[in-house]
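Here TrEMBL flags 1-28 as region 'Disordered'. According to TrEMBL, the transmembrane segment annotation covers 124-145, 173-194, 224-241, 285-307, 319-342, 374-396, 411-431, 485-504, 510-532, 544-568, 574-595. Among the features that TrEMBL reports, domain 'CBS' is placed at 739-797.
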Amino acid sequence: MANVAKKVSWSGRGEEEGEDDEGVGETTPLLNGTGLGAVGGARQLASSPFLRIGQLSNVDLNEDVRELETELPRQHPNEIPHNEKLLSLKYESLDYDNSENQLFLEEERRINHTAFRTVEIKRWVICAMIGILTGLVACFIDIVVENLAGLKYRVVKGNIDKFTEKGGLSFSLLLWATLNASVVMVGSVIVAFIEPVAAGSGIPQIKCYLNGVKIPHVVRLKTLVIKVCGVILSVVGGLAVGKEGPMIHSGAVIAAGISQGRSTSLKRDFKIFEYFRRDTEKRDFVSAGAAAGVSAAFGAPVGGVLFSLEEGASFWNQFLTWRIFFASMISTFTLNSVLSVYHGNAWDLSSPGLINFGRFDNEKMGYTIQEIPIFIFMGVVGGILGALFNALNYWLTMFRIRYIHRPCLQVVEAMLVAAVTATVGFVMIYCSRDCQPIQGSTVAYPLQLFCADGEYNSMATAFFNTPEKSVVSLFHDPPGSYNPMTLGMFTLMYFFLACWTYGLTVSAGVFIPSLLIGAAWGRLFGISLSYLTKGSIWADPGKYALMGAAAQLGGIVRMTLSLTVIMMEATGNVTYGFPIMLVLMTAKIVGDYFVEGLYDMHIQLQSVPFLHWEAPVTSHSLTAREVMSTPVTCLRRIERVGTVVDILSDTSSNHNGFPVVESNPDATQVAGLRGLILRSQLIVLLKHKVFVERANLSLVQRRLKLKDFRDAYPRFPPIQSIHVSQDERECMIDLSEFMNPSPYTVPQEASLPRVFKLFRALGLRHLVVVDNHNEVVGMVTRKDLARYRLGKEGLEELSLAQT
């Protein structure tokens with residue numbers, strides 16, 4: 001079967017595995033991972049007394065059990081081989097499908113109409129709280145960045161002005177590079193050593209979470225704190241990053257925390273919202289949090305809803321749309337209100353998002369039908385440049401996975417990039433002779449340098465500023481503000497800096513750098529057009545800067561619907577809706593021809609079992625029998641406690657779902673399927689000692705309620721922490737009341753696309769495969785379906801990497 005190797009995931013928490021006797025796979029840690037374990041060989045099936053069916057197994061592993069185990073010391077080799085055609089067994093699925101056991105049905109029947117209304121009101125209250133808190137976090141990030149970056153630029157500007165007069169500008173360069181590197185060092189240290197999952201924008205991780213993959217630590221409070229501090233330090237440190245992408249991750253963490261009514265990190269339970277303590281509800285709220293994050297970042301509530309729909313949520317309904325829109329609106333309104341008060345104009349709600357592209361004047365900035373081919377051409381350029389960006393970043397990420405896998409090396413690399421960014425900016429400002437009059441300009445920190453009195457260096461406005469302000473100045477500065485040579489050099493340098501920066505161990509987004517690169521070459525394109533057309537009125541460089549920004553961002557992240565609406569909402573102009581849509585569609589089509597989008601590429605590099613909307617197009621020849629996992633460890637309806645403990649303790653399988661079959665005294669005959677029970681449910685039963693002394697008794701010591709299962713969610717204790725005495729091992733446990741009596745099943749002849757559609761649409765974690773007699777023959781899990789994908793040479797099967 002598949003190669004089985006050791007990996008380290010986004011969480012950077014690698015666990016050690018013992019070596020098996022059989023073939024040794026490759027050791028392969030993942031991006032932003034900090035550890036490396038011993039290699040595990042192909043799993044061997046130990047002989048055991050459990051009821052097993054079939055021949056080979058690769059069912060979900062239980063992250064929670066391993067997470068609480070003591071980590072062994074790690075060794076760091078210089079190079080780690082990496083194979084992209086692997087699928088990690090590290091990641092579990094979320095249970096989107098409710099277990100409709102007797103306890104669940106009894107609780108639902110007890111809930112009357114008033115109680116249902118109360119639950120619905122609570123959902124709206126949670127969405128409002130998500131919006132308010134996401135907006136406040138965005139305000140905090142914005143205000144702190146503005147003050148710290150302003151302080152840094154004032155210090156460096158004063159230093160440069162001083163040394164320009166008396167010589168010795170190398171001191172200014174040293175000061176700028178040192179300030180950048182030291183700020184970024186702090187930002188990188190907290191990410192690399194405290195919470196590696198906070199690195200990057202967090203969009204790929206949230207995309208995976210909403211797809212149904214449980215990424216360790218991704219929605220923890222600690223992750224949120226590190227994310228917010230990290231993104232502030234990255235932006236202040238002058239890296240080619242934006243603070244908008246991480247807002248999506250921050251919103252998702254806020255949503256996950258509030259909806260549970262407690263914090264497992266702070267060990268506090270507020271005893272509210274207990275009804276929502278399950279994956280089904282939590283994922284719906286996380287999609288609302290992601291939308292609120294987009295809304296706060298761009299002042300685009302509709303764009304936020306569409307982002308959640310297009311990039312995130314795998315499951316959707318009408319009520320969810322309305323609640324998510326409500327959360328997004330509250331988020332942007334909160335941000336607007338607080339920032340308006342902060343800026344001293346309390347009643348003027350003019351700051352809807354962290355970035356505001358400013359108003360585009362319709363009269364000056366209209367477009368004609370003749371310009372549409374030009375916009376399409378810009379989309380092609382954006383698609384090609386985006387594909388180049390992604391391809392370079394892919395090779396760079398592979399290099400990082402192989403060689404820069406220690407936390408200290410990751411911090412050194414981040415400091416190097418910060419120092420190089422400052423040096424490149426300084427050298428380009430120093431060499432530029434592009435001087436513009438200060439009068440009438442809106443430059444925050446005008447650098448005179450070698451320009452005449454009353455003039456400033458225009459290259460400095462691009463580099464000597466936060467990326468958001470640079471984007472706005474490229475959109476709105478009057479024609480003639482930039483020399484074409486300045487724009488060309490800036491685009492080239494910033495392109496490579498942004499590509500090098502994405503994937504560093506810092507919290508940072510790629511939205512704003514992409515917009516800045518696109519705005520620079522778009523403005524250059526507009527200036528060239530006005531030269532060619534002898535200064536025609538329609539060739540306004542600001543309009544082409546906007547189209548270039550859309551083309552570049554679309555070419556890198558490949559979003560269409562949500563990005564069109566975000567750009568329209570951020571510019572406050574519907575006029576450009578059609579050209580922006582054309583540009584984004586063209587950029588996506590052209591970019592997809594060469595390479596995947598940036599987020600999908602990083603998900604693939606992490607070996608996450610991500611399920612796309614459809615099964616691979618050429619997979620109809622495969623059936624459930626060929627893709628299912630076997631053997632399946634089954635439990636009898638009334639089972640011996642010792643057998644349950646042994647099954648849960650068996651590290652060779654680590655299954656998370658167990659089909660329940662009828663207790664059959666005849667061991668030669670396999671009994672028919674009666675239900676499905678989860679590892680987490682069995683652990684709660686063992687913890688509460690729900691046993692009977694002998695098989696013929698039907699009494700239980702204490703009647704369990706659903707509340708007992710919800711209290712243990714989401715971090716169920718490992719089986720090793722539950723003590724079962726020798727006498728208790730001989731007791732019996734009746735699973736009838738706790739198992740799901742109606743699990744989804746498929747016949748073994750069902751085709752892969754049919755199985756995929758059922759599994760993906762219902763958000764399943766386990767799909768039982770049965771034969772004509774309703775006897776269990778196998779189990780389909782997420783990895784079995786994600787293993788097959790369409791490669792360049794047709795359908796290919798990925799190997800499975802043991803973690």
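Note that Cβ sites are derived from N, Cα and C of the backbone, with glycine treated the same way.
Unlike curated records, TrEMBL annotations are generated automatically.
Using the rule of three or more Cβ pairs under 8 Å, pairs at least 6 apart in sequence, the transmembrane segment (224-241) is not in contact with the transmembrane segment (285-307). Only pairs six or more apart in sequence are counted, and the transmembrane segment (285-307) with the transmembrane segment (485-504) gives fewer than three Cβ pairs under 8 Å, not enough to call it a contact. Counting Cβ pairs closer than 8 Å and at least 6 residues apart in sequence, the transmembrane segment (374-396) and the transmembrane segment (124-145) reach fewer than three and form no contact.
Between the transmembrane segment (319-342) and the stretches 124-145, 173-194, 485-504, 544-568, 574-595, Cβ pairs under 8 Å are most numerous for 124-145. Distant neighbours of the transmembrane segment (173-194): 34, 152, 155-156, 159, 222, 226, 229-230, 232-234, 236-239, 407-408, 410-411, 414-419, 421-423, 425-426, 504-507; these residues of the same chain sit at least 6 beyond its ends, with a Cβ under 8 Å from one of its Cβ atoms. Only residues 6 or more beyond the boundaries of the transmembrane segment (411-431), in the same chain, are considered here, and those with a CB under 8 A from a CB of the stretch are 169, 172-173, 176-185, 187-189, 192, 237-240, 400, 404, 447, 449, 457, 459-460, 463-464, 489-490, 493, 497, 500-501, 504-506. Across the domain 'CBS' (739-797), the DSSP tally of helix, strand and coil residues reads 16 helix, 23 strand, 20 coil.
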